[in-house]
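Q: Annotations per TrEMBL:
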DOMAIN    7-50  domain 'Serine-threonine/tyrosine-protein kinase catalytic'
């Protein structure tokens, strides 16, 4: 793990790295030190899962609402799952880009925040449309 706990000088790049790792921790529910990462870093664990196995690595606590809605028609649930899957892949990708080993390869924090805001807007728009369709 590049800068994580290595005593490197404080830097913006180090903050970006930590932010990326934090995103990966939040969305997987795993710590970089978890033993169930099969001997790879959290960064590698997520990278190996994207994009096809994102639902296998996401913290299931984040998906509780999906279980409650599973009684709806199959096509509606599939569309919802596709949208959620797309957003999760995007969030994980941001986490990966922020936690690249080499500082010069990391995403800029402003770009990461802008992308996260876009994902939030997309989810809110989707939620509004879903609520309208129910009513």
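The backbone N, Cα and C atoms fix where each Cβ goes, glycine too.
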Q: Can you name the far-off residues of the same chain, 6+ from the ends of the domain 'Serine-threonine/tyrosine-protein kinase catalytic' (7-50), with a Cβ under 8 Å from a Cβ of it?
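A: Same-chain residues near the domain 'Serine-threonine/tyrosine-protein kinase catalytic' (7-50) but 6 or more away: 1, 56-62, 88-89, 91-101, 103-104, 106-109, 112.
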Q: To what whole number does the mean pLDDT across the domain 'Serine-threonine/tyrosine-protein kinase catalytic' (7-50) round?
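A: Result for the domain 'Serine-threonine/tyrosine-protein kinase catalytic' (7-50): average pLDDT 91.
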Q: How many of the residues that make up the domain 'Serine-threonine/tyrosine-protein kinase catalytic' (7-50) does DSSP mark as helix, as strand and as coil?
A: 28 helix, 0 strand, 16 coil
